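Everything on this sheet refers to the single structure shown next.
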Amino acid sequence: MIPGNRMLMVVLLCQVLLGGATHASLIPETGKKKVAEIQGHAGGRRSGQSHELLRDFEATLLQMFGLRRRPQPSKSAVIPDYMRDLYRLQSGEEEEEEQIQGIGLEYPERPASRANTVRSFHHEEHLENIPGTSENSAFRFLFNLSIPENQVISTAELRDFREQVDQGPDWERGFHRINIYEVMKPPAEAVPGHLITRLLDTRLVHHNVTRWETFDVSPAVLRWTREKQPNYGLAIEVTHLHQTRTHQGQHVRISRSLPQGSGDWAQLRPLLVTFGHDGRGHALTRHRRAKRSPKHHPQRARKKNKNCRRHSLYVDFSDVGWNDWIVAPPGYQAFYCHGDCPFPLADHLNSTNHAIVQTLVNSVNSSIPKACCVPTELSAISMLYLDEYDKVVLKNYQEMVVEGCGCR
């Protein structure tokens, strides 16, 4: 049996989507009739038909979120700290900002200004040493990119963790160079001992700093996604300017060390991050806003006030069974609009001229309906979740929160 609170939550979500004319296209007229049927079943027996209707509406909501099916994340799925921190910055959680800045996270203003979706991909564990490179300091590693067809990638970044070098007589004044390449042909087709690559990005860094380094790999990812060229992976090369062979490549983390726990390594693995847009809504933009109201937030009763206004509606993703794949937020305050639009319409009811005329006509001819209480302003929320392929996604969803109501 499906819990009654889950069914009721789906009903409430559907009511929000059906609450205003701007959302009428999200659910067809036949769907509106089904809402009434579900409401009739919610307080009584749960028939097989009600379960079918629940599945239909869950599918509708998943489609609204741009998902073909409900994600079923594996227990081994890892949420990179970078994606959590990016979500906190995007959602404007100010109390976390100092901590985020402390680990050296830089918000990617330029990529995000053209994207409404951020995806992250860990590299496959198998690494190939590239023969013929100086001191065997170059490795090839692969990323399995699963990106929807409607997603247009604008920018891609490779993040590698670099540890401080504290060995050798010259470490305080030493530097090393990190080069990132795209592998143009598979090793089987290359001349023995020489891999065909092209340089994507390079950086000269000091030995005595521990931090993440970010490299622009957009040309390679755009070739793989837009031009549908084969993906033969990336190569990383580390060369030291003032250090012996003994210390070559020991501090740029591309593989797990033997004494290291799997949990620590999961957060230090190389991470490929793509910034894209699916043509829906607006781009991700960094902003600060007040935190959404908590789930149980008492409101003062407004006696004798039945006019159109905004009411509390907290959507808890655990109530609809989605908390296993939605990482953050655990829920959000969606609000809804409800109330009368009496004649004459007061200024605070945020009415249009047409609504004023319609209400005036209704006062003398009851066959003409009153103006309706509907959302007049809506805002977006950011969601961090695991998709159907266990990839971590940060996405901006438009028109999810009612900011204002009015008679229209």
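Cβ coordinates come from backbone N, Cα and C, glycine included.
Candidates considered were Cys372, Cys373; Swiss-Prot assigns the disulfide partner of Cys308 as Cys373. In Swiss-Prot, Cys407 is paired through a disulphide bond with Cys341, chosen from Cys337, Cys341, Cys372. Disulfide pairing as given by Swiss-Prot: among Cys14, Cys405, Cys337 connects to Cys405.
For Asn208 (N-linked glycosylation site), other Cβ atoms within 10 Å of its Cβ number 12. Annotation note: Asn365 (N-linked glycosylation site) sits in a coil segment as assigned by DSSP. For Asn144 (N-linked glycosylation site), the nearest neighbour among the listed recorded positions (Cys308, Asn365, Cys373, Cys405), judged by C-alpha distance, is Cys405. Reported as a whole number, the C-alpha separation between Cys308 (disulfide bond) and Cys407 (disulfide bond) equals 7 Å.
Cβ neighbour counts within 10 Å, taken over all protein chains shown, single out Asn350 as the most crowded of the glycosylation sites Asn144, Asn350.
For the recorded positions Ser91, Asn365, the greatest number of Cβ atoms within 10 Å around a candidate Cβ is found at Ser91.
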